[in-house]
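Visitor: Here's a structure for you.
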Ligand code: CTP
């Protein structure tokens with residue numbers, strides 16, 4: 001997020017206190033943050049707190065002559081890369097949807113020509129009210145990105161959807177939104193493998209695993225959004241091809257190895273595929289039949305080529321090679337061992353005992369020679385955006 005400017009509008013809800021933590025996280029990521037505090041917001045957090053955390057002046061009113069002379073509100077609305085409304089209250093979203101500009105925040109939102117992300121937080125009944133849902137639909141139709149609120153216990157004592165997502169998740173969504181505006185991977189070729197491989201036993205049976213391909217496809221989508229030329233070598237999955245991505249479908253590990261080799265050279269290789277370690281020694285030409293004797297057919301396995309290890313040793317090794325490791329135990333230890341054994345620059349590890357393969361959420365740990373960075377628990381597309389940001393930083 002280095003060198004990006006965020007205009008953060010803080011609405012009047014109890015979740016406003018979390019926006020302080022958001023400012024801190026965004027600053028830590030290198031973003032420049034300017035806060036706009038609504039009248040309602042000022043009942044929950046102070047301009048002083050936000051000024052101290054953001055290290056920038058905080059704007060609170062349209063009618064401040066000094067502010068208006070130094071920085072007109074139109075300019076304020078245009079100088080950001082992204083406008084974030086957090087918390088976006090029911091009232092603020094209603095005014096946004098209706099095009100009302102009766103304070104500084106709503107005037108900026110109407111005047112801006114920059115992408116807007118709204119992060120709603122409110123009581124569950126207010127969130128579920130048809131009027132709020134109508135307003136959210138209108139905002140989305142107008143091109144505003146509206147995050148889904150979290151579900152859980154609320155400050156008001158009720159339970160359900162309406163909670164502000166945790167600041168690290170908001171931060172990751174902001175990174176994702178910025179990824180669609182800034183293009184740090186322009187001119188780079190990113191090679192990705194995703195999905196499982198299928199290793200035939202006979203014409204109707206195969207060896208496979210539970211990989212859904214979601215994480216790899218999300219990374220391909222994030223890389224394409226970041227401006228990269230993306231080649232996605234995919235095992236059999238049920239995922240749509242992300243926009244701007246060249247997809248090469250394969251079935252077996254050996255086909256995947258050949259497709260990876262053919263796609264070189266690349267600036268980065270991200271090997272997300274859950275490649276089958278073994279294949280049947282001899283694929284039967286015809287369906288293996290039961291003969292009623294209770295005898296089971298002998299299934300001889302042979303090891304598949306290790307695509308990642310081979311790539312790391314290749315003369316055409318991309319400057320940055322990232323492997324993945326889905327582990328059920330001793331996650332970081334296994335990741336460190338794989339880093340050394342395969343010769344990758346990073347191993348991105350995830351614990352498939354706590355977050356099952358095929359699910360929507362992941363916790364990724366980036367393991368490299370310089371240590372471990374653990375990303376927060378995130379939906380797979382937000383985790384992908386953050387990983388692509390780290391990759392863009394590493395290449396820069
Ligand atoms: N990988 C690969 N080719 C293989 C096996 C794995 O390219 N034949 C890659 C995966 O895409 C991933 C990394 O190596 O990026 C680690 O995969 P994993 O299956 O976790 O490693 P293995 O070496 O197979 O170890 P194990 O299955 O025993 O944990």
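Backbone N, Cα and C define each Cβ position, glycine as well.
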Visitor: Write down the one residue from 159, 324 that TrEMBL lists together with 277, 287, 305, 306, 307, 308, 338, 342 as binding CTP.
Guide: 324
Visitor: Residue 305 (CTP binding site) has how many other Cβ neighbours within 10 Å of its own Cβ?
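Guide: There are 14 of them.
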Visitor: By CA distance, which of the binding-site residues (277, 305, 307, 324, 342) lies nearest to residue 156 (active site, proton donor)?
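Guide: Of the binding-site residues 277, 305, 307, 324, 342, 324 has its Cα closest to that of residue 156 (active site, proton donor).
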Visitor: Same chain only, sequence gap of 6 or more: which residues have a CB within under 8 Å of the CB of residue 324 (CTP binding site)?
Guide: 215, 270, 271, 272, 273, 347, 348, 349, 350
Visitor: State the mean pLDDT for the domain 'DNA/pantothenate metabolism flavoprotein C-terminal' (185-393).
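Guide: Here the predicted model's pLDDT, averaged over the domain 'DNA/pantothenate metabolism flavoprotein C-terminal' (185-393), is 94.
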